[in-house]
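Here the structure is laid out as structure tokens; the discussion comes afterwards.
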């Protein structure tokens with residue numbers, strides 16, 4: 001998942017064609033973008049698709065993992081929390097979609113709550129991805145199961161991820177409010193008095209650092225050493241794990257690297273390290289909208305990366321269907337699925 005900022009941060013709707021961060025000065029005149037309305041509705045459709053796909057995919061992941069109480073692995077616990085984070089994030093998308101059209105019409109309380117929920121689940125998702133990479137590193141490079149299989153330790157790590165996510169998200173809860181500038185649509189964003197612009201840069205750099213750069217280096221380090229170990233092993237089953245690891249890193253980079261590069265350029269422009277112009281502002285605004293879509297898409301792809309790509313997940317899902325009489329034992333036999341009463345589901349064995 002990246003940093004994911006609320007849609008109103010990038011598109012200021014005093015007029016449907018105005019773009020830019022919501023100004024503190026009510027006499028501010030932002031740049032115009034003639035095709036902003038079209039872009040707005042493209043984003044709305046994307047929010048809807050991501051919401052539906054994430055709701056379905058992550059719900060299925062949680063269902064399969066929760067059914068595997070006996071054989072649940074450490075990675076399964078991480079995946080369960082990751083699916084929950086993605087699911088909770090997806091639940092906020094309809095509200096942001098409505099705000100794209102009508103501005104923020106939900107008041108300050110919901111502005112704070114929804115912003116907190118979105119940021120918490122963004123941070124927790126990224127931190128859990130990093131934890132999964134550390135777990136794979138220990139299991140593959142050091143063949144360490146004593147540490148990673150301690151359930152109470154894993155639960156503590158997951159709780160720590162949620163707790164740290166809450167701490168990192170507190171500024172959004174404390175300072176965000178519904179704000180209605182003169183002659184403009186209402187917005188949900190941070191209001192910090194005369195220092196709002198400066199603190200908004202801090203709140204942008206914070207998630208850029210903790211939400212992408214740090215987890216990325218952790219993942220690259222852990223998966224890099226894991227891949228080296230697997231290449232030396234020359235084992236067929238481990239080559240399958242290599243493909244999954246490649247998919248994890250590749251999809252993460254494809255989803256979040258473009259957005260964070262554009263976000264970095266936008267931050268440099270707004271801190272006057274690179275020259276700001278209406279043309280550049282509009283280009284960056286378009287790029288942020290486009291690359292943000294990739295970031296949102298990551299919450300839909302997580303079930304594919306960590307679950308659907310694994311044969312055991314498909315078998316586990318079929319076992320659940322068989323337990324409820326939706327498929328026959330003959331169907332399971334044709335698909336080489338062991339009896340659903342003889343073994344439990346393990347989602348992550350192919351990771």
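Numbers run from 1 along the shown chain.
A Cβ is built for glycine as well, from the same backbone N, Cα and C atoms used for every other residue.
According to Swiss-Prot, the feature disulfide bond maps to 111-188, an assignment based on sequence analysis. A helical conformation is recorded for residue 111 (disulfide bond) in the three-state DSSP classification. The Cβ of residue 111 (disulfide bond) has 25 neighbouring Cβ atoms from other residues within 10 Å, across all protein chains displayed.
Positions annotated as N-linked glycosylation site by Swiss-Prot: 3 (among others).
Marked as N-linked glycosylation site by Swiss-Prot: 194 (among others).
Taken from Swiss-Prot, the feature topological domain 'Extracellular' covers 1-46 (among others), and the record attributes it to sequence analysis.
As annotated by Swiss-Prot, topological domain 'Cytoplasmic' applies to 68-76 (among others).
Residues annotated as topological domain 'Extracellular' in Swiss-Prot: 98-112 (among others).
Marked as topological domain 'Cytoplasmic' by Swiss-Prot: 134-154 (among others).
For the topological domain 'Extracellular' (176-209), residue counts in helix, strand and coil come to 17 helix, 8 strand, 9 coil, using DSSP. Per Swiss-Prot, topological domain 'Extracellular' is recorded for 176-209 (among others).
The topological domain 'Cytoplasmic' annotation in Swiss-Prot covers 231-243 (among others) and rests on sequence analysis. When pLDDT values are averaged over the topological domain 'Cytoplasmic' (231-243), the model yields 64.
Residues or ranges marked as topological domain 'Extracellular' in Swiss-Prot (evidence: sequence analysis): 265-289 (among others).
Sequence annotations record features per position, and here Swiss-Prot assigns topological domain 'Cytoplasmic' to 311-351 (among others) based on sequence analysis.
The transmembrane segment annotation in Swiss-Prot covers 47-67 (among others).
The transmembrane segment annotation in Swiss-Prot covers 77-97 (among others). Residues 1, 4, 6-7, 43-44, 47-48, 50-51, 54-55, 58-59, 61-62, 65-66, 106, 110, 114, 117-118, 120-122, 124-125, 128-129, 131-132, 135, 151, 154-155, 158, 161-162, 296, 299-300, 302-303, 306-307, 347-348 of the same chain lie 6+ residues outside the transmembrane segment (77-97) yet bring a C-beta within less than 8 angstroms of a C-beta in it.
Below 8 angstroms of C-beta separation, residues 1-4, 6, 75, 78-79, 81-82, 85-86, 88-89, 91-92, 95-96, 106, 157-158, 161-162, 164-166, 168-170, 172-173, 176, 188, 207, 210-212, 214-215, 218-219, 222-223, 248, 252, 299, 302, 306, 351 of the same chain, each at least six residues beyond the ends of the transmembrane segment (113-133), sit close to that stretch. Annotation source Swiss-Prot lists transmembrane segment at 113-133 (among others), citing sequence analysis.
According to Swiss-Prot, the feature transmembrane segment maps to 155-175 (among others).
Positions annotated as transmembrane segment by Swiss-Prot, on the basis of sequence analysis: 210-230 (among others).
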* Asked: When the topological domain 'Extracellular' (265-289) is classified with DSSP, how many of its residues are helical, how many are strand and how many are coil?
  -> 18 helix, 0 strand, 7 coil
* Asked: Including all protein chains displayed, how many Cβ atoms other than that of residue 188 (disulfide bond) lie within 10 Å of its Cβ?
  -> 28
